[in-house]
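The ATP binding site annotation in Swiss-Prot covers Gly151, Glu152, Ser153, Gly154, Ala155, Gly156, Lys157, Thr158. As annotated by Swiss-Prot, phosphoserine applies to Ser267, Ser604, Ser1025, Ser1123. What Swiss-Prot lists as phosphothreonine is Thr405, and the listing cites similarity to another entry. Taken from Swiss-Prot, the feature region 'Three-helix bundle' covers 835-916. Per Swiss-Prot, the feature coiled coil maps to 864-984. The region 'Interaction with TAX1BP1 and CALCOCO2/NDP52' annotation in Swiss-Prot covers 1034-1253 and rests on similarity to another entry. Sequence annotations record features per position, and here Swiss-Prot assigns region 'Interaction with TOM1' to 1125-1253.
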Amino acid sequence: MEDGKPVWAPHPTDGFQMGNIVDIGPDSLTIEPLNQKGKTFLALINQVFPAEEDSKKDVEDNCSLMYLNEATLLHNVKVRYSKDRIYTYVANILIAVNPYFDIPKIYSSDTIKSYQGKSLGTMPPHVFAIADKAFRDMKVLKMSQSIIVSGESGAGKTENTKFVLRYLTESYGTGQDIDDRIVEANPLLEAFGNAKTVRNNNSSRFGKFVEIHFNEKSSVVGGFVSHYLLEKSRICVQGKEERNYHIFYRLCAGASEDIREKLHLSSPDNFRYLNRGCTRFFANKETDKQILQNRKSPEYVKAGSLKDPLLDDHGDFIRMCTAMKKIGLDDEEKLDLFRVVAGVLHLGNIDFEEAGSTSGGCNLKNKSAPSLEYCAELLGLDQDDLRVSLTTRVMLTTAGGTKGTVIKVPLKVEQANNARDALAKTVYSHLFDHVVNRVNQCFPFETSSYFIGVLDIAGFEYFEHNSFEQFCINYCNEKLQQFFNERILKEEQELYQKEGLGVNEVHYVDNQDCIDLIEVKLVGILDILDEENRLPQPSDQHFTSVVHQKHKDHFRLTIPRKSKLAVHRNLRDDEGFIIRHFAGAVCYETTQFVEKNNDALHMSLESLICESRDKFIRALFESSTNNNKDTKQKAGKLSFISVGNKFKTQLNLLLDKLRSTGASFIRCIKPNLKMTSHHFEGAQILSQLQCSGMVSVLDLMQGGFPSRASFHELYNMYKKYMPEKLARLDPRLFCKALFKALGLNEVDYKFGLTKVFFRPGKFAEFDQIMKSDPDHLAELVKRVNLWLVCSRWKKVQWCSLSVIKLKNKIKYRAEACIKMQKTIRMWLCKRRHKPRIDGLVKVGTLKKRLDKFNEVVSALKDGKPEVNRQIKNLEISIDALMAKIKSTMMTREQIQKEYDALVKSSEDLLSALQKKKQQEEEAERLRRIQEEMEKERKRREEDEERRRKEEEERRMKLEMEAKRKQEEEERKKREDDEKRIQAEVEAQLARQREEESQQQAVLAQECRDRELALRIAQNESELISDEAQGDMALRRGPAVQATKAAAGTKKHDLSKWKYAELRDTINTSCDIELLAACREEFHRRLKVYHAWKSKNKKRNTETEQRAPKSVTDYDFAPFLNNSPQQNPAAQLPARQQEIDMKRQQRFFRIPFIRPADQYKDPQNKKKGWWYAHFDGPWIARQMELHPDKPPILLVAGKDDMEMCELNLEETGLTRKRGAEILPRQFEEIWERCGGIQYLQSAIESRQARPTYATAMLQNLLK
């Protein structure tokens, strides 16, 4: 099928695999993989896509593919990835695949120079091209820009962000120290904010929005970094294969001995905050030798160093110190940072044990004394005060509204541990804030015209165990995905509709309900969490129960027991919840949600740290203390500062900033879970492409216009360079002249109501027009002026040609007048002399008759001399009369009188001669009369037969018209009956459509949930549960399930029959009911297949027409979307009709204009005809007759794929006036076009299906 062309079909690990269609099922296609001949599998028809003809070809912009679908998108990315081409476009969106190794020269300074000022598409896809586009858009549009770098953890967001910043500073910096500072700030931020996770060795555990500010000359003048949601829980605990923040390990590995002794550092395994995770350093062979043995943990000694081409703890420590120096940190401030980091490590080593006294509480273990001493020393605290603050909590009693006694409440071991960890998180969090503020101080700016912001924030995260950090990160990604949907999909389509471009609508998943679930006031999860924090005794269990109670029937929220992973099903309902995010379902364990949502310390700990002897420590907490003065509660109580709502506020401010700027998108893709090079896991990459919206963008860009400019903006940009005569032009007319002057192809752009739009891949042309360089604008104005001059000169030429044509027309008319005068004069002359001329003609005719006299005389036997004398005298009289007419003016009456006398003489003479031969002539005359009578009799019989046939045809046509009118009346009667119940039916259908739409959304979401669960299971070496595995089987839509249910009540269940089996049964079966059922199922599958072909046709090609549009104009969507129309029960009348009507033969003819000729010939001179012979409800023979083309003959069986697949009722032919013709009219055309020979050859090759036509031909041949 499909002429052996390959298609892409789903594959569980590769995403898609190439194969051939070998059979058509009820709702699926049977595929034979190209690399596994003989093996087949089923694939849902809407998950099969046509493949490119050259499977090894790759394109830089996926919009250039012949077939635009998710399979070709994935394959193109894969082919380019195998060639180390990690960047690909989808229109103006960049897809970046993480290579996990250094590609030579791809980010060199020469490469940077090669992209400067180049339009998107003129150079190979690159992150530099997006950065340059953002800069040029900022410069031309006078509008700040944003670059949103998104993707999963480990997809390469941080690296691509650094490349964008480096490109902007190197290309458009002022050459001063500030350019280097902006670039050098990254190593410092990464050291304090990045860490190794199971999915990424250099994962950013915070979000940042880096703004590069430019002056009016578009030169870099400074920058600013905003940061969001540092993962504070990582400071105290990490996973087994994960590490704490890089700074801890780099300080242990790279610090000098002097610093090491001052900070009392040792190997990572000696610190509680490091030894519960991975304690190995990142190092290569050279730096491994430079790390002293006493700094290596036993795990490092046993397993060796961690390997990553971008990470090296010892070398990165040196680079970090260099970066600190470049951004202006002196040695003292550098040591302050290290001192706080070391203080946090020693704080974590403080252990507690239960006190032996009856008062309860706890004490420090003896072995923790050194750690307490080191921590107090490094943080500038008193040892005793630190001990007391960690083991007790101060409470202040109240009496009658006045302050009472200060009471110290001893803490239990668990409470002390929590207090210690809270202090460590707070200290490190404030240190990180200080680092970011210090970075911002190193590149200040006084004034800024515009900025380019680069957003790098943690990607969508899904682990086996997910907590509050993952919840906030995924909430952020939901908001960013919504911004992407709004900017790229929603706003684009609204603009296309507003401008009247006629672009087809693209549907996408709206995640607003998920965002509302999290952030809506009062009942949102964040507000419920804040409310829980305000309770006297908050608990995670109570919070979780309230969430489930408030959102009991919410589609996006469910209980852990419904997870696809077995490990989550062990959770109780009050221990977690599942949120169905845009990328898939994630199970959150709510333990510590309440604690992590509070960013405040107990008053005793906060007072302790704020009163530190160390001025650097005090400075870290001063700003926080000032901000929270008004929010402090009574001593001893834990004041509440909501982390969730603080992040929500920051996020909304960020999105407001993004919405106020132009946006460019970089979608980073993680090629595999093992983080190895040249390994492409298609299924999980496909999931990333789908979740990032690339498939929807691809659908939109089939007819989209990613670049646009307002007529007035263009006009105003060029106005000051225009001469006065051009300035008078209308803006729209000027734009048209500009495009004509540049020689742009009209296919590449389209004019809207107020803007001009450019197709994907035409960014170079757009940039050429929008380039605001004065010399360039002046040059374009000259070209417009030149084009206008040339255009007007052509108009002058045309006018000259028109004048010449008018002159020739005048000359032609003068000659015509002369000809008319000549003709009139001739006519007047003829009218004057016509009697004499007519007389001469008649007399001349009479003279010619004398030859007949001579013939008669020659046959006479007697009296010849006398007769000859009489004839001679008659001839003399005739000559005399002719001479008289010529010489004298005689009237018509005179001529007639003398002519009559001569005629009488000649008749008398002739009658005398004829009497002698009367007998012979009489016999001859009788014979001729007899022949004439016989001929007349035959002619009358033929006329009678013709009239009889015409009468019969008129009678048949009247019967056909009467039948058509009767059918029309019956149809109208049925419609009237339907209208009476239309309100109920429409309401029911609306409910069904809504339910089915929701069901489709649920199925799509469950599919994403399964894919995400599978990826977690692969990563965590955990199998998906049996129920989840069962769900991975081929899923059927509700309509297909209804079809199967209906099949159980029918006599013949054909749902499992193959396409070939249906065809063979139709050709051989004698069971009328089975034959009717097979015909119906056969044509239903043809409808589904042709609908699939129409949806997946080649780009910029017309849909293949098997019949005129008026016949095939039915809705394709129900067949692709598994709508209830697929239910065979709904088609039962057609089957019953075939059984009841005993295969009535009907013939039709309607006009047929091919799509390619539709607009080329307005007068329909190339109109063809479409003939159809229906054997019962199904078509048996089909003809197409087109001018200048050989006729196309098709017969059922042999040509099913090219014939009309609709039944007679669905075509509407019976309701078309004048469409039905007589069998004789069809058969005449069929025979004349060679149909008999074509049908005979099909019968002999056993390809023709048994029909009325085949039976008649076989009888004729016998």
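Using N, Cα and C of the backbone, Cβ positions are placed for all residues, glycine too.
Positions of Swiss-Prot features highlighted on the structure.
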residue	record	Cβ contacts under 8 Å, 6 or more apart
Gly151	ATP binding site	Ala96, Lys157, Gly459, Arg667, Cys668, Ile669, Lys670, Gln688, Ser692
Glu152	ATP binding site	Arg199, Gly459, Phe460, Glu461, Cys668, Lys670, Gln688
Ser153	ATP binding site	Thr197, Arg199, Asn200, Ser203, Ala458, Gly459, Glu461, Lys670
Gly154	ATP binding site	Asn98, Thr197, Arg199, Asn200, Asn201, Ser203, Lys670, Met675
Ala155	ATP binding site	Ala96, Asn98, Gly459, Cys668, Ile669, Lys670, Gln688
Gly156	ATP binding site	Ala96, Val97, Asn98, Cys668, Lys670
Thr158	ATP binding site	Glu190, Asn194, Asn202, Ser204, Asp456
Ser267	phosphoserine	Cys252, Thr279, Asn294, Arg295, Lys296, Ser297, Tyr300
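Within 8 Å of the centroid of the Cβ atoms of Gly151, Glu152, Ser153, Gly154, Ala155, Gly156, Lys157, Thr158, where the record puts ATP, the same chain has further Cβ atoms from Asn98, Asn200, Ser203, Gly459, Cys668, Lys670.
Cβ neighbour density within 10 Å is lowest for Thr405 among the modified residues Thr405, Ser604.
Between the CA atoms of Thr405 (phosphothreonine) and Ser604 (phosphoserine) there is a gap of 15 Å.
The DSSP breakdown of the region 'Three-helix bundle' (835-916), given as helix, strand and coil counts, is 72 helix, 0 strand, 10 coil.
Taken together, the residues in the region 'Three-helix bundle' (835-916) have a mean pLDDT of 80 on the 0 to 100 scale.
Packing around Lys157 (ATP binding site) is summarised by its Cβ count: 29 other Cβ atoms lie within 10 angstroms of its Cβ, all protein chains included. For the recorded site, Ser267 (phosphoserine), the DSSP three-state label reads coil.
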